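S.K.: Below: one structure in structure tokens.
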Amino acid sequence: MYPKADTFGEGLYEYLTRVEKWRHVTIIHEQPESLLKYVSLINKFEDGLKIKSWTANSAATRAMLAEISTGNERNFLVDVPTWQVRDFLVMAYAHNMTGTQYTYFFTDWDVNFMDLTAFKVSMGAQIKTFSILSKVGITESLQRGLINARQANQPGTSRNTGRPMERPFLGLGPEMNTHFGLLYDSILLLAHGLVTLTKTRSLLPQKLSCERPPGLWPLGLSLINAMKSTRPEMVRGYTGQFRFDREGQRTLFDITTLDLTEGGFVPTGIWNVDEQMKIVTRPPKKLPHKMIKNMPIVLKVTTKQDPPFMIIKKTDAYGKPLITPDAWQGYCIDLLDEISKKVGFNYTVHLTPDGNYGSSTILPNGTEIYDGIMGELIRREVDMAVAAFTITYEREKVVDFSTPWMTIGGSIMFTRPKSQKPSLFSFLQPLAPQVWFYVLAIYLAVCVCMFISSRLSPYEWNSPHACDDGGDMTKNQFTLLNSFYYHISALLNQGTELAPQATSTRLLTGVWWFFALIIIATYTANLAAFLTVENTKSPIESAEDLANQDKIKYGTISSGSSRDFFKISIFPLMLLFITSNRSTTYCQTTTLSTFKKMGAFMDKYPEYLADRTEIGVERVKQGNYAFILESAWNEYYVQRDCSLMQVGALLDSKGYGIGFPQGSPWRDRVSSAILQLQNDQQLDKLKRKWWNEYNITEPCNLLRESSKAPSPLGVEQIGGVFIMLLVGFVVGFLVSIVEFVIATRDKNRSEMLKAMWRELTFAVRCLTTSKRLKSDVKKMPRSRSNIKLISSVQSGMCAMDPKLAFFPPNFDPHVTGDSTDPLLSNVPGRQVPTSIGTTQPDIPSSFGSVDFEAGPPGVEYSVPGSGPSISAYPWTPGGAGAQRRANPSVVNRTKVMKSSTVHPENSHISGQDLWQFNQPR
């Protein structure tokens with residue numbers, strides 16, 4: 001019942017050449033004897049024919065398909081069992097042989113019963129088969145066929161009187177496949193032969209005998225001849241009409257060709273030996289206009305999952321990503337959608353098997369092979385590669401690239417250094433240590449210069465009191481200590497009672513004020529920044545820093561353009577970079593010897609290389625590792641993890657492009673579409689979407705900008721000011737104790753302790769008066785440049801100098817006056833002469849408390865007045881008493897006030913007449 005091989009071969013050849021226009025074909029078969037039915041086809045194709053052997057799930061078969069995929073074969077006649085068709089298509093899919101340029105004609109009788117729509121995604125490869133069923137899509141009822149055939153009186157009438165039953169072709173199911181149809185037709189033909197034979201012979205069996213063995217049925221040959229002589233109009237079986245030649249081979253049959261569509265297999269033509277090829281194409285299920293427009297063009301796209309460029313959304317039950325575009329998302333998918341709209345194609349997306357972009361390897365025989373995406377393009381397994389695919393010179397030699405759709409460069413990712421804990425003396429950081437040293441040195445120099453200038457200038461020597469009646473005694477206010485005090489006050493923007501009088505000192509003061517103004521303004525301007533801005537410093541700032549150290553390890557992607565970049569030679573390289581605002585140009589000069597050194601490090605320590613970008617980023621987060629990757633990735637991860645940052649400038653300049661097999665007709669059209677998108681600023685919109693908006697709350701650059709707002713200062717920033725204040729308090733208190741000890745050094749230890757305790761208890765009395773007796777104030781050291789005696793009280797409008805001046809104990813003046821005055825005898829250290837002069841009413845009776853300014857030994861002082869004169873003689877060291885000298889110097893006398901309150905118990909005198917004596921200059 002099967003068709004005759006020669007006749008079948010002629011019909012197949014006519015269809016392939018007339019309808020499909022094949023000029024070459026590759027036959028893939030499983031059994032050698034199956035080639036017998038293709039003898040006619042083999043003889044007629046001659047040079048355009050290749051024959052390949054198929055063995056299911058074998059390495060030889062995979063090698064055979066890999067070889068075919070790299071060639072120009074596109075038309076395949078596949079003779080494999082029905083149950084192996086799906087395996088064959090899966091392997092063809094794995095070798096990227098299911099694109100629109102491929103056509104598969106399966107010759108097994110039951111392929112049309114299989115559901116192969118999964119391999120027809122978006123109109124992929126053309127899959128064809130045939131059937132010898134008499135009616136495709138409509139079958140007649142097979143019930144009561146024999147009875148109806150016997151009742152037929154007219155030739156060519158229907159075998160049944162029942163109503164034809166329609167049902168879809170695919171609804172037959174495996175229980176009603178071609179094999180069962182041929183079996184039914186065989187039984188039907190046998191029944192027809194028996195009916196024909198009964199017209200001339202009796203079919204009753206002979207008597208059986210147990211004594212002789214059964215022989216051949218004598219009517220067997222007659223039955224066969226009756227079946228061979230069956231005319232087509234006599235019987236119409238499930239597989240059509242019958243006609244046989246002398247050898248009993250079936251020569252009349254209908255071959256129905258079928259094409260796979262989204263709705264299954266549909267018939268496209270019928271061939272038989274009488275009518276030859278007849279096209280009866282039925283239109284497939286009506287599809288949307290957009291799908292019809294793009295139906296002939298479905299491109300296979302290979303890629304690699306790398307957010308945000310390519311992200312998997314949907315997977316199958318085994319976790320593998322689906323190949324439909326809606327199963328993916330990312331920058332590249334949006335880019336492909338825009339390009340496909342402009343160019344006009346559909347596409348399927350496939351993951352590259354090894355997950356690499358592709359690097360070359362030189363085999364021992366000198367052959368260069370590529371893995372990853374590069375290998376797929378070179379072997380023409382895909383139509384294009386869309387990913388973060390870097391355009392390089394080495395890749396351009398073996399594949400084609402479109403216009404770059406993104407410009408990037410190599411960069412270094414490193415952890416953002418943590419802010420250092422501010423020092424307690426952070427307030428000193430606005431100025432460098434050497435600046436502080438220069439300020440201190442200038443301050444000391446200016447103070448000394450002011451002291452010297454004030455003593456040289458006569459205009460700085462003035463009368464010490466505004467109430468002076470024209471005496472000859474003058475005073476210079478700029479002592480060395482006053483000079484230090486005056487200039488530090490100006491530097492700290494504080495005032496003082498001192499004021500320069502001479503032009504020279506005023507000029508020096510003005511220059512110092514200008515210097516202080518600039519220093520203080522500069523310090524104040526920088527102080528806020530140093531106290532509020534975190535101090536961070538990265539251990540590496542460039543590729544040179546990374547290459548010239550061994551503490552921080554580094555690496556890149558194990559396979560790709562970044563890894564290949566470090567294998568270049570050592571010629572100098574000038575790299576030019578344009579900032580994002582396109583207003584500033586930066587140039588970085590780097591010798592490739594640095595990159596070669598880094599490449600040698602990576603070759604020596606391959607464990608620091610990362611298989612995927614995510615692995616490298618995680619290593620950076622762990623610390624002491626720098627990851628080298630394209631700037632687009634760096635920017636993406638830095639925006640989402642504020643603990644990461646990009647170090648230094650870009651290492652090179654390159655771009656991402658779409659890869660094609662060499663000679664692809666799609667390159668120019670895709671490049672033109674990319675330029676249109678760039679001109680419409682669509683590429684910038686896509687980058688903002690996937691870099692600044694996708695899977696992110698707020699970019700880190702915006703967070704860093706918001707963190708620049710002023711924040712409250714803590715103790716860490718200004719704690720040093722409190723420490724300096726505390727140190728100043730302690731030093732000041734210690735100096736006061738030293739001053740007190742010096743003032744009471746003439747007393748013994750017990751008296752000193754009593755005096756100290758008395759002063760301490762007086763000082764801590766918060767509610768007591770702030771006034772005290774002048775004599776309570778002990779002897780204090782005094783500058784020897786002032787030669788006057790001054791009081792702590794005021795008289796009339798004249799304000800006396802509030803500083804009390806006392807003579808040092810090396811003087812023992814002798815006073816001419818009333819020897820009976822108890823004060824003169826009670827004051828310690830005084831000696832009263834025996835001669836007594838005349839006492840006048842205006843001579844103070846309590847004059848014993850008056851001291852004289854220290855003068856050189858041997859100088860005699862006298863006080864002429866309206867009353868008896870009072871003379872004072874300095875105590876001569878080494879002498880036992882007072883010594884008179886001739887030619888005493890005249891001392892001017894000025895009366896200040898008069899009172900007579902005496903405290904003899906502690907030698908204190910308050911309110912007494914005070915006299916000021918000025919030594920003539």
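Here the Cβ of each residue, glycine as well, is placed from N, Cα and C on the backbone.
No curator has checked TrEMBL annotations; they are predicted automatically.
TrEMBL feature annotations, pasted as is:
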- T390, R395, S561, S562, E630: L-glutamate binding site (BINDING)
- C642-C700: disulfide bond (DISULFID)
- K567: site 'Interaction with the cone snail toxin Con-ikot-ikot' (SITE)
- 435-453: transmembrane segment (TRANSMEM)
- 511-533: transmembrane segment (TRANSMEM)
- 718-742: transmembrane segment (TRANSMEM)
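How about a rundown of where these features are and what they're close to?
M.R.: The Cβ neighbour count for R395 (L-glutamate binding site), using a 10 Å radius and every protein chain shown, is 25.
In the three-state DSSP scheme, C642 (disulfide bond) is classed as coil.
For the transmembrane segment (435-453), same-chain residues at least 6 beyond its ends with a Cβ under 8 Å from one of its own Cβ atoms are 428, 478-480, 483-484, 486-488, 491, 500, 502, 504-505, 508-509, 512, 515, 519.
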S.K.: Which one is it: of the binding-site residues S561, S562, which Cβ has the fewest other Cβ atoms within 10 Å in this structure?
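M.R.: So among S561, S562, the binding-site residues given, the one with the fewest Cβ atoms within 10 Å is S561.
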S.K.: For S561 (L-glutamate binding site) and C642 (disulfide bond), what Cα-Cα distance in Å is obtained after rounding to a whole number?
M.R.: 27
S.K.: In sequence order, which residues at least six apart in the same chain have a CB under 8 Å from the CB of E630 (L-glutamate binding site)?
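M.R.: Residues satisfying the criterion: A388, T390, I408, G409, G410, S411, S562, K654.
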S.K.: May I ask for the distance between R395 (L-glutamate binding site) and C642 (disulfide bond), taken between their Cα atoms and rounded to an integer number of Å?
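M.R.: Spelling it out, the Cα of R395 (L-glutamate binding site) and the Cα of C642 (disulfide bond) are 35 Å apart.
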S.K.: I need the most crowded of these disulfide-bonded residues: C642, C700. Count other C-beta atoms within 10 angstroms of each C-beta and give me the top one.
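M.R.: The largest 10 Å Cβ neighbour count belongs to C700.
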S.K.: What's the longest C-alpha separation between any two of T390, R395, S561, S562, E630, the listed L-glutamate-binding residues, in angstrom?
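M.R.: Across T390, R395, S561, S562, E630, the widest Cα separation comes out at 17 Å.
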S.K.: Would you count the other CB atoms within 10 A of the CB of T390 (L-glutamate binding site), including those on all shown protein chains?
M.R.: 22
S.K.: Taking the centroid of the Cβ atoms of T390, R395, S561, S562, E630 (L-glutamate site), which other same-chain residues have Cβ within 8 Å of it?
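M.R.: Those within range, site residues removed, are Y357, F389, I391, T392, G560, D564, F565, K654.
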S.K.: Three-state secondary structure of E630 (L-glutamate binding site) from DSSP?
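M.R.: E630 (L-glutamate binding site) sits in a strand per DSSP.
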